[in-house]
Amino acid sequence: MTHLIDLFKPMIPSLLNNLHKGQSGRIAIMGGSKEYTGAPFFSGISSLKIGSDICHIFAPTEGGTATALKTMSPDLIVHPIEKNDPSDIIPWLLSLHVIVVGPGLGRSSGAWSCASEVIKAARNINLPIVLDGDALRLICDNLDIIKGYDKAILTPNFVEFKSLSDSVKKMIGDTSNNLLKPEHIASCLGNITIVQKGKEDIITDGNQTVVCDDEGMPRRCGGQGDILAGTVGTMYAWSQLYYKYNSNTDDKPEYPISIISAYAACSLLRHCSKKAYQISKRSTVSMDIINQISNGFEDLFPESSK
């Protein structure tokens, strides 16, 4: 659906000499745990490689997670969070354009409690949210955390989608063994946007549905979902900024900007994965994909750097 790529192109910030730092996106990633340090890094560095100006990472001090992340890239602003204290994160929300919650979050009660408070605070100020990884398992335990918030994008893989389906079925009293369709889940949750990742990426808000079936790669290395989460977050922030600051955008877009942004992100990841696989084949890892973002972005959006 190249038409959706065309719809997204105007939302890409122009590279102008009179812009100041932050105008092309202030993104945050909340995640990481003593087991998973790579996930928030993949999300954050992908955001910067795509073109966001600033990326914060809120990561726990437990297990040296935040310290490890600080050594991975000087371009990322890493905030060590002591004892999963949400008050270390919430004051920053007003300065952000989007927050991505979940990459490498883990399943500790402290991390989940902190994430819940951050999501609630983000909702209170109408901040766009992308939920990925263990943040999806968190909301499966309490759908009210996200229900009705149409500025949320969920990016479940197959296992996470099944958990989400089971939780929504319980909420609506569906006792069948059937897996709900993503459109039904999105509708039941108040028309939030869902990106069901798979052989084809199904993107829906319950009212409209699009499918990204661009060629990707057959290799299934860890970290691809984290790259997508950071990419979705960045592109969603750009679309929000575009409609906020452009006076000639009164016309309602053909699709919700959450769907347009998510589709563009899925298409870019698939394209970069394909390019990486052509070089590295079976040895392809997530950093190979990230290293293709620069050229891959120019392939899809050739006018964006002019």
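Using the three backbone atoms N, Cα and C, a Cβ is placed for every residue, glycine included.
Record note: Swiss-Prot gives GLY104, ASN157, PHE158, VAL159, GLU160, PHE161, LYS162, SER163 as (6S)-NADPHX-binding, and the candidate from ASP6, ASP226, ASP288, ASP299 in that site is ASP226.
The two recorded residues, PHE158 ((6S)-NADPHX binding site) and MET217 (ATP binding site), show a Cα separation of 17 Å. In this structure, LYS199 is the one among the binding-site residues LYS197, LYS199, ARG219 with the smallest number of other Cβ atoms inside 10 Å of its Cβ. Checked against GLY104 ((6S)-NADPHX binding site), the binding-site residues LYS199, ASP201, CYS221, GLY225 differ in C-alpha distance, with GLY225 being the nearest.
Scoring each of the binding-site residues (GLU160, ASP201, ASP226) by how many neighbouring Cβ atoms lie within 10 Å, the top position goes to ASP226. GLU160 ((6S)-NADPHX binding site) is 15 Å away from LYS199 (ATP binding site) when you measure Cα to Cα. The secondary structure of GLY225 (ATP binding site), as reduced to three states from DSSP, is helical.
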